[in-house]
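So the structure is just underneath, and the comments pick up after that.
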């Protein structure tokens, strides 16, 4: 009994001491400074923080510049980039894809491409020393044979891998007529797959090898082919190209977007332009004007992204300005900034980005592919201007409801592109393409949570039939730990941070056990410093890594947003939320009064490829700290009109 009393006294002391240590003046100070930073970063009525994939894509770009004859006009500076690679190489010789503070070694494909670039321009002793270390590391990881299929496709285009050792992509999957409508791949794969697949299919069909000076990589093989790399380009008729090839070319041209991209991505655009280069060399009388225009526009698009004013040389994948603007507008509005001052920014975004009777695109050149996640949080922003957008709001809500999958959850771009096409799922796995990208666009809990949050701002509640289906989806997909695997952010921490606030906005009873399980998950995963963090390896080995990693400000904000919805349930939750808020303040000071993520927090392709989203650190901490401040001052609204999983009213207050 004596030990129990001592434990209770110590526990109460800890709770009270941490509560008292969160200085609300410091909270407001951090909020004000971040608001000022955000105002200083507005350009042309948008916030723009390009997401990036890492330097390996700039290494690739060096070779693509040679193919496209752009070296004389590109902003690429070989001296600068070479020094950058030498400085970022790990001691073991590897390079990371994007920054990950939880790992002390790199990624194989990134290391192969960076090695290849350095070997191709090798002009000083420092490079040779870096190559020796990298070569040893690559071979230890299994060599070129162990790289992803996408890497092998790119190596094959430069004679470093045999096309015949890669699976053939049949061209009939790009046909729509007759019986082929059942195998038309555009209607089956995710939006982000198709513009890459069309170009890869072309290069594989032609077995294209570009005749440009590149370094030989035979030393990176474990078992280099006895007869060398087989170079066997397909025979062709200049005047009479294959009809299937022309159908593929027509499909590719349909992907061209207003700013010059093919599909809105830098990588798909470069692969497409390289395909055009090959096609033009074989059939110079066809598509002359279209291809010339594609070169001109494509050059602008790629250079704009790869050497932009904010993330130059980081390998920016695309333009995501509407997503960035949504997030930061939301953060600024919620934290009390002047609505009228922000209105021109929101008005511009709605005018330029929101598609009529649909959703909003992720950024420039995504007009053809509205994004449900972005649209869900756009609703939150538009809720501050209901009168100004009284026409757009109901149309946007109607579109969102139309995009719900049969399982109750939400995809990113396309309804009905779950993994239930077993034939294509098997084919992509057999071809090895599934080891380079996510092929389908299934429902995901993070998007579904954001959409619930947006709909909740317009009075939709947990008794609405479609929202009941969303809740059933969340319950069904919850894992044994009480969390979910997130699709677009790392990872189980992010999912709880999206699901719980979404449930709260639609007045769902957060006392239900399955929701409590997700809160308990967070309590068990909080780091000693008060923050939350999670390594990207949680996708590859969830049993070991779920919810584990060094703290970041964005992941801490996600965790805090969930905890705040149940802040008054008990002292343990209060204590955890206080610690998370204190971590944000401490990290803000450590990073010279800025919010910055020291690890990758964005997901491109789970377990394969990751994206860093700089805008997350400019927005989520601001939302989380503002809500924390309001709760601490008794100003945060908790709903009393609650519903259970059957959509029935709950006769008790949530907290």
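Here the Cβ of each residue, glycine as well, is placed from N, Cα and C on the backbone.
Positions annotated as signal peptide by Swiss-Prot: 1-20.
On its own chain, residue 323 (site 'Transition state stabilizer') has 362, 363, 371, 374, 615 as residues at least 6 apart in sequence with a Cβ closer than 8 Å to its own Cβ. Look at residue 323 (site 'Transition state stabilizer'): DSSP puts it in a helix. For 323 (among others), the entry in Swiss-Prot reads site 'Transition state stabilizer'.
Cβ neighbours of residue 373 (active site, proton donor) (same chain, under 8 Å, six or more residues apart in sequence): 410, 412, 446, 447, 450, 451, 488. According to Swiss-Prot, the active site, proton donor annotation covers 373, on the basis of similarity to another entry.
The feature repeat 'PFTB 1' is assigned by Swiss-Prot to 393-435. Each residue in the repeat 'PFTB 1' (393-435) has a pLDDT score, and their mean in this model is 86.
Residues annotated as site 'Transition state stabilizer' in Swiss-Prot, with similarity to another entry given as evidence: 488 (among others). In this structure, residue 488 (site 'Transition state stabilizer') belongs to neither helix nor strand by DSSP; it is coil.
Per Swiss-Prot, repeat 'PFTB 2' is recorded for 515-562.
Cβ contacts within 10 Å of residue 488 (site 'Transition state stabilizer'), excluding its own Cβ and spanning all protein chains shown: 20. Across the repeat 'PFTB 1' (393-435), DSSP classifies residues as 23 helix, 1 strand, 19 coil. Under DSSP, residues within the repeat 'PFTB 2' (515-562) fall into helix, strand and coil as 28 helix, 2 strand, 18 coil.
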